[in-house]
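To keep things clear, I will list the structure first and then write my remarks on it.
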Amino acid sequence: MSELKQNIEQEKGRIRKEMRAIKQNYSFEQKKELSLSILKSLEQLPEFIQAKTVMLYWSIKDEVHTHDFICKWAKEKRVILPCVIGETLDLKVFEGIDNMVKGENYGIPEPKGPVFMKEDEIDLILVPGIAFDSEKNRMGRGKAYYDRLLQSLSAFKVGICFDFQVLDHVPIDEHDIKMDEIVFH
Ligand SMILES: Nc1nc2c(c(=O)[nH]1)N(C=O)[C@@H](CNc1ccc(C(=O)N[C@@H](CCC(=O)O)C(=O)O)cc1)CN2
Ligand SMILES: Nc1ncnc2c1ncn2[C@@H]1O[C@H](COP(=O)(O)OP(=O)(O)OP(=O)(O)O)[C@@H](O)[C@H]1O
């Protein structure tokens with residue numbers, strides 16, 4: 001690995017650690033409460049209002065809580081969720097909580113059923129992240145799942161996070177894909 005790349009990885013590692021520490025200061029209930037106003041802003045975004053097919057994510061404990069939001073919007077829009085397959089993400093349509101199974105590796109619930117192949121029909125993607133910056137750069141959990149996925153998709157990309165996750169600057173490498181918008185509170 002080049003020295004530059006090593007520095008970037010090291011800095012990302014430091015930020016992941018720092019964010020983990022900050023998030024520990026909030027209870028799950030507090031994070032759920034903060035999530036409500038973040039998602040309210042998202043609902044006011046023209047790109048979200050107009051979107052017919054949206055890719056969301058089924059949140060895990062330290063993320064902006066999306067479960068109720070997904071259940072609510074699945075009645076009005078086609079909601080796609082990611083499924084972990086080795087190093088890549090498959091896309092599947094959300095068809096209710098009862099139609100989910102624990103995914104491989106991380107145990108995040110994922111829809112059962114066929115893979116959604118019409119990627120070009122996705123209008124908006126909500127992207128989770130560990131930190132974002134004012135230039136709309138994003139860093140994730142370090143497995144590059146979203147970097148690989150977003151490479152091939154033309155949907156409007158919205159990063160979503162708590163306000164303490166927006167930094168002046170996050171380190172990026174050539175693979176990292178910028179967001180079109182960041183929604184936070
Ligand atoms: N809710 C949600 N779903 C998602 C993602 C995500 O970030 N959030 N992903 C986005 O890529 C993909 C799954 N990737 C993941 C990568 C790491 C971890 C995780 O828990 N990592 C631990 C470290 C454990 C380890 O290294 O194995 C951590 O971050 O503390 C979870 C999901 C697809 N689905
Ligand atoms: N499209 C890609 N193809 C191959 N390798 C990649 C790609 N994107 C990133 N990588 C490599 O994978 C490693 C992790 O990437 P990075 O730290 O950017 O992930 P991340 O954005 O934090 O994670 P994620 O996208 O899963 O949330 C880095 O070494 C990076 O160079």
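Yeah, the Cβs are placed from backbone N, Cα and C, and that goes for glycine too.
These figures come from a predicted structure and were not determined experimentally.
Feature annotation from TrEMBL assigns ATP binding site to K12, G13, R14, I15, R16, R138, M139, G140, R141, G142, K143, A144, Y145, Y146. If you look up TrEMBL, you'll see E63 marked as substrate binding site.
Projection of TrEMBL feature records onto the structure.
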residue: K12; record: ATP binding site; contacts (Cβ under 8 Å, 6+ apart): M139, G142, V170, P171
residue: R14; record: ATP binding site; contacts (Cβ under 8 Å, 6+ apart): none
residue: R16; record: ATP binding site; contacts (Cβ under 8 Å, 6+ apart): I130, M139, R141, G142
residue: E63; record: substrate binding site; contacts (Cβ under 8 Å, 6+ apart): Y57, P128
residue: K143; record: ATP binding site; contacts (Cβ under 8 Å, 6+ apart): E87
residue: Y145; record: ATP binding site; contacts (Cβ under 8 Å, 6+ apart): P82, V84, E87, T88, L89
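Look at K143 (ATP binding site): DSSP puts it in coil.
Taken in sequence order, the binding-site residues R14, R16, E63, M139, K143, Y145 that lie near ligand 2, meaning a CB under 6 Å from one of its atoms, are M139, K143, Y145. With respect to ligand 1, the binding-site residues K12, R16, M139 contribute no residue with a C-beta closer than 6 angstroms to one of its atoms. Within 10 Å of the Cβ of R141 (ATP binding site) there are 14 other Cβ atoms, across all protein chains. Farthest C-alpha pair in the ATP-binding residues K12, G13, R14, I15, R16, R138, M139, G140, R141, G142, K143, A144, Y145, Y146: 20 Å apart. Cβ contacts within 10 Å of M139 (ATP binding site), excluding its own Cβ and spanning all protein chains shown: 24.
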